[in-house]
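Feature list (source: Swiss-Prot):
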- Asp45, Ser46, Asp84, Lys112: 3-methyl-2-oxobutanoate binding site (BINDING)
- Asp45, Asp84, Glu114: Mg(2+) binding site (BINDING)
- Glu181: active site, proton acceptor (ACT_SITE)
Amino acid sequence: MKATTMSHLRQWKLEKRKFATLTAYDASFAQLFAEQGIEVLLVGDSLGMTLQGFDSTLPVTTADVAYHTRAVRRGAPHCLLLADMPFMSYATPEQTFANAAELMRAGANMVKLEGGSWLCDTVRMLAERAVPVCGHLGLTPQSVNIFGGYKVQGREEVAANQLLKDAQALENAGAQLLVLECVPVELAQRVTEALAIPVIGIGAGNVTDGQILVMHDALGITGGHTPKFSKNFLAQSAGDIRAAIKLYIQEVESGAYPAEEHTFQ
């Protein structure tokens, strides 16, 4: 089996072939997801909430993400594997490169960073040193204290225009992929069409090139508040996890998910 690479994702964008991605944190689930057809996985700092029980992603460390990245890589050796750089792990150039290198050594193919134009020097520095970068705009959970909670971003025209500029700046700085979270579908379409790099949405409508969900949301096992954009695919699959993942993939590829009920206007 051939490994999935960024060249595949770029080709899928050109072909307008939508693709489904998930978070994963251990070898068993990573293997199961890959066997059902998931080709891109993210070891997200969401592990702080889903696995460690915190109320935000802020306490997560690079060592935490590296630990789970090693496990996921062993379970899914052929998937394109992204790893989140946690809060304050890319504050200085030296710190950024050391932490990114740790995640790449753990098995990541790409690191994901949250932030806009101010992050361009960091993205450029990593790209020049052969570390592929995925950007993350919209609702960036590491900025929860600035946003005052988990809120939809880019609804006002000024904010929407700035987000588009940030996306283009990150692409120009060398980002190869972009995650767009909790933005109005119209803005998501503008960004997706403006960029040559693939855009993965979460709470951004069905207009992006790909979709991602936290695995716990896709399987309906999230405790507490459930995001509007989430869908319990397990409940629609008679409790069969494999069938649930296949259904998720099918609905993303067909454009059936996310539906209007999962989308912000």
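Positions of Cβ are set from backbone N, Cα and C atoms, glycine also.
Features per Swiss-Prot, on structure.
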{"residue": "Asp45", "record": "3-methyl-2-oxobutanoate binding site", "Cβ contacts under 8 Å, 6 or more apart": "Thr57, Val60, Asp64, Val65, Asp84, Pro86, Phe87, Pro141, Gln142"}
{"residue": "Ser46", "record": "3-methyl-2-oxobutanoate binding site", "Cβ contacts under 8 Å, 6 or more apart": "Thr23, Thr57, Asp84, Pro141, Val214"}
{"residue": "Lys112", "record": "3-methyl-2-oxobutanoate binding site", "Cβ contacts under 8 Å, 6 or more apart": "Leu42, Leu82, Ala83, Asp84, Met85, Val133, Cys134, Gly135, His136, Val179"}
{"residue": "Glu181", "record": "active site, proton acceptor", "Cβ contacts under 8 Å, 6 or more apart": "His136, Leu137, Gly138, Leu139, Thr140, Pro141, Gln153, Gly201, Ile202, Gly203, Ala204"}
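Surrounding the centroid of the Cβ atoms of Asp45, Asp84, Glu114, where the record places Mg(2+), the chain contributes additional residues within 8 Å, namely Gly44, Ser46, Thr57, Val60, Met85, Pro86, Phe87, Lys112, Leu113, His136, Pro141, Gln142. In the three-state DSSP scheme, Ser46 (3-methyl-2-oxobutanoate binding site) is classed as coil. For the binding-site residues shown (Asp84, Glu114), fewest C-beta neighbours within 10 angstroms: Glu114.
Under the DSSP three-state reduction, Glu114 (Mg(2+) binding site) is assigned to coil, being neither helix nor strand.
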